[in-house]
There are 2 protein chains.
Amino acid sequence: MSGTLLYAQSGGVTAVINATAAAVIAEARARKIKVLAGRNGILGVLREELIDTTKESAAAIRALAHTPGGAFGSCRVKLKSLEADRARYERLLAVFKAHDVRWFLYNGGNDSADTALKVSKLAAEFDYPLTCIGVPKTVDNDLAVTDCCPGFGSAAKYTAVSVRECALDVAAMAETSTKVFVYEAMGRHAGWLAAAGGLAGKTADDAPHLILFPERPYDEADFLKQVKRVVDRVGYCVVVASEGIRTADGNFVADAGGNKDSFGHTQLGGVASFLAGRVKDSLGLKVHWTLPDYLQRSARHLASKTDLEQAMAVGKAAVQYALKGMNATMPVIKRISDSPYRWKIEPAPLEKVANHEKKMPAGFIRKDGYGITAAARKYLEPLIRGEAPPPYGRDGIPNYVELKNPIVRRKLADWKE
Amino acid sequence: MSGTLLYAQSGGVTAVINATAAAVIAEARARKIKVLAGRNGILGVLREELIDTTKESAAAIRALAHTPGGAFGSCRVKLKSLEADRARYERLLAVFKAHDVRWFLYNGGNDSADTALKVSKLAAEFDYPLTCIGVPKTVDNDLAVTDCCPGFGSAAKYTAVSVRECALDVAAMAETSTKVFVYEAMGRHAGWLAAAGGLAGKTADDAPHLILFPERPYDEADFLKQVKRVVDRVGYCVVVASEGIRTADGNFVADAGGNKDSFGHTQLGGVASFLAGRVKDSLGLKVHWTLPDYLQRSARHLASKTDLEQAMAVGKAAVQYALKGMNATMPVIKRISDSPYRWKIEPAPLEKVANHEKKMPAGFIRKDGYGITAAARKYLEPLIRGEAPPPYGRDGIPNYVELKNPIVRRKLADWKE
């Protein structure tokens, strides 16, 4: 087949999005298809900054599968409707034509699925033969249709293992020092990662003792009562709090500090910092807290093997769907059974994915609102199963690859917004 | 030999202090010596809450070597001078006598070495035959005499790997999103862990681009200028900041926010939060930050093999020294050569360790104050070398052991302070 395949990464990166990229490139190479990559995602396409992946060795592409971050650069650029952003969509098409791009693979979340869908519509309008494929990725696990999102399982494993480890630390210190520990998990709208923290323990006295979900209103009086109750019973209390929790009136708890300190400087505290302060002020207990932030989504050293396999499987399937002309689709993960955990990849129409958001099922949150149910555990546990550590160098650090990322010669005039 | 060996953990726990405990117990068992452990460190000795380790299986003790936290509980209790704290020291001796304790192994930092030393003096005063051994442990790496401290290498490896990973994330996002990332490392008085973050990169453009050490005064104007310069040159900037940095007038930067938010609530922001706010306010750049807190010292999943081996070696040597009656000593690590890295254990007098603090050599900090030197790299790099992952369960989480920790029957009256 003649023509070029263009791959681009979008939105927040993950521990395994490069594994998807590696699978895309390997599969395309096996079929003698040239792969270009957008430098910094769709922005690189608009700017005609296209990376020539053919210059990378097979070893570098294999190493890409164990390297976190986004090797070609990602971006946070959301295109609007075809009408509102007409000029940008037409520019994309012009770049595709100039480089004989026949297959466009956009690796991201809801927004990216939407962009891929719109590009495919515009191409049809102009009778330009283009197959657009959305490739799923997000640590937030909020994509519709797919059973889970590549990237989530590894962040979930990081969360569960980290909560388990810091809980052992707190348990040892609690008698004379720290009695409460707060772990802040990503998840602005859905509590998937906070729920994964629940996998750290099995019984009521195991950490985490309390999980705060964005799906439930934050009730400070009740929360503090619960903390005190756990400390009285267990001797210490480990809390996993989702960054997105809100009070009953809809305000983010993370904003409750007013975002300014007493000197008028911007205060970037977040939820864990705030909750820790409340526990200290109200209960007088010594408290520590952690905000892992990007560490939780870039910890390739602690990737889930299940997640890695799924990230590579969607990459491979994306190329296969593209070459079959299965336009406006996304390879998604379908769960066949929980125990043993079995899954397969199947195509889903981008229409069903774009701009939808998968909420966590209500049945995943315990009735009291502070923990996960057996149903949640059954869903989550297979996703963090298995280890896939990267190779380490003599320097004690993983051998993460840095690509050469040469830009192909431009053929069009400069792009101005 | 007849008599009991008492082991206790002290101060902040580490990823490998239990490995030291495992080595102590295994070595004592091989010599048919009974080991009791203080529940929550020295506090358990005062309270006569002594854990009978003979009830644990050999498999449980082996598993202890890959379990983070402090399996018998630790504590933050510092005994004062023999005069000021006479009653407590005499209580310790009374408990030792009641349980035929002939060997006391205290696993901790400077303070613990001091306590072990004082107990040994009191025992001599009362003609009670007791051998006291200090066993080194601290993520802060600030113990005198020993080349490095068990616990530090694993926290250092966590720091270097985490900085490397989040830097790859920021690099991918920088064009349209986060341009500055601040990582807060433990180290109230010395910048050892911040320096370890320097191992994440090799060249000037590699992250971390700036390291803030407590050994150098924090100059805000210069720091912000440096951040801007790095962003202009590299496109993004990763900062590792030690929690203990101070301004020229000696105030902790972590306290600069006033510790209250605009609502008068306690604000537990820390250094990274503060620096991130300053970067945002002054440079207008999008910034993310992380406070790993306890995660950095409990991440047994990412332990350094060198560190693990040293933690076990000091435990084994401590028992050997004890049984040889080498009173008031500590097994320390002596570096024989850098390349290849070779080390051995040798005894050091507790007098030389107690209440001393090892500072980071001035030659480890780059002249401009924002990075590490080749000498620092030569010292640090072997300490994070090698991997020693714990076994994982089918649930995707390491198989950390929970001991039974039965308390032996008490023989004395209650202890009241």
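Even glycines carry a Cβ here, placed using N, Cα and C.
TrEMBL labels come from automatic prediction, so no person has curated them.
Of the residues proposed, A:Glu90, A:Glu220, A:Glu243, A:Glu346, the one TrEMBL records at the same substrate site as A:Thr138, A:Val139, A:Asp140, A:Met186, A:Gly187, A:Arg188, A:Tyr294, A:Leu295, A:Gln296, A:Arg297 is A:Glu243.
Looking only at other Cβ atoms within 10 Å, the busiest spot among the recorded positions A:Asp111, A:Asp140, A:Glu243 turns out to be A:Asp140.
Applying an under-8 Å Cβ distance to chain B, the binding-site residues A:Gly12, A:Thr138, A:Asp140, A:Leu295, A:Arg297 reduce to A:Gly12, A:Leu295, A:Arg297. Within its own chain, A:Arg297 (substrate binding site) has A:Gly12, A:Val13, A:Thr14, A:Ala15, A:Val139, A:Gly151, A:Ser154, A:Ala155, A:Met186 as residues 6 or more apart in sequence whose C-beta sits under 8 angstroms from its own. Along the domain 'Phosphofructokinase' (A:7-320), the predicted structure has mean pLDDT 95.
A:Leu295 (substrate binding site) sits 23 Å from A:Asn110 (Mg(2+) binding site), counting Cα to Cα. Residues A:Thr138, A:Val139, A:Asp140, A:Met186, A:Gly187, A:Arg188, A:Glu243, A:Tyr294, A:Leu295, A:Gln296, A:Arg297 are the ones the record ties to substrate, and the longest Cα gap between any two of them is 16 Å.
Annotation for A:Thr138 (substrate binding site): spatial neighbours A:Gly11, A:Gly12, A:Thr14, A:Gly108, A:Gly109, A:Cys149, A:Gly151, A:Phe152, criterion Cβ-Cβ under 8 Å with sequence separation of six or more.
A:Gly187 (substrate binding site) has a Cβ environment of 27 other Cβ atoms inside 10 Å.
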